[in-house]
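What follows is a set of notes on a single structure, which appears directly below.
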Amino acid sequence: MTKDREIRQTVPAQPTSDGDGVKIQRIAGFQRPNFSPFLMLDELKADSQADYIGGFPPHPHRGIETLTYMLQGHFQHRDQMGNVGELRSGGAQWMAAGHGVIHSEMPIMQEGQLHGFQIWINQPARNKMSPAKYQDFQPESIVERHHPQQGLLRVIAGSVEVEDQTITGPLTDTGVPATVVDWRAEAGQDISINTPPHFNAMLYVYRGSLNVGKQSVKTGHMAMLTAGEQLTLRAEQPCGSLLLMGQPIDEPVVHYGPFVMNSMAEIEQAIRDYNAGHFETY
């Protein structure tokens, strides 16, 4: 008998700012075992130019992957490896920091609403000192599934299975298997998604409200889900949500600012390497 995933806990996003004053809603899970392999979800949402125009000036990372997904907006990525990429409405970009990267994400847009997400994904110890990587995914490369009763699925990373159909997104190079899906639906539409039972899973609602089984999740809340082989969602009203699933990493997590390693000694080494200018040479 198929075991349905249910809500273990609902976590509200907390308002804060990052970069040069960009307004965000944040859910951090650095020390939550059922959050792994994910570390943090930031919802970037601002109606006023003043709340995003400063962007994210050059800053370092080591030991993580970042996946940025834009619902509405236009930003540019630059890094010390020479990569330049544009992130447009409906598109995504992924970066594996490995042993070190310095990058910026700055707005090209001069007006209009900003709405998107940045997800931090942990790198397993074996990858934390690997060369950095970068990929961008234009809106047309995001794989979509439209269904009149089940709404719209946009698969950004990994694979998802619905009614024996497997849909694979453009990002498949994460250090451990991970899936990120945007599900949008009108009131009354529902969907059942098969989920790998060994994956952790969580669902963030960014618009409207929906039910996981018989439990409701409202805008701005993350539902941490129990283990199971199937996830059933039903839209209470027009809604948008982000489903994150991934293989947990059973390793120590030590977080300091933009660095995530396995020990404090490794964090201290990252700080020394950055201060010595080594990141610029990677």
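Glycine is treated like the rest: Cβ placed from N, Cα and C.
The divalent metal cation binding site annotation in Swiss-Prot covers His59, His61, His103, Glu105, and the record cites similarity to another entry as its basis. Annotation note: His61 (divalent metal cation binding site) sits in a strand segment as assigned by DSSP.
Residues of the region 'Disordered' (1-21) grouped by DSSP class, helix first, strand second and coil last, total 0 helix, 12 strand, 9 coil. Under the heading region 'Disordered', Swiss-Prot lists 1-21.
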Counting across all protein chains present, how many other Cβ atoms fall within 10 Å of the Cβ of Glu105 (divalent metal cation binding site)?
24
Where His103 (divalent metal cation binding site) sits in the secondary structure, as DSSP reduces it to three classes:
strand
Within the same chain, and leaving aside His59, His61, His103, Glu105, name every residue whose CB is within 8 angstroms of the centroid of the CB atoms belonging to the recorded divalent metal cation site, in sequence order.
Phe56, Pro58, Pro60, Thr66, Asp79, Met95, Val101, Ile102, Ser104, Pro258
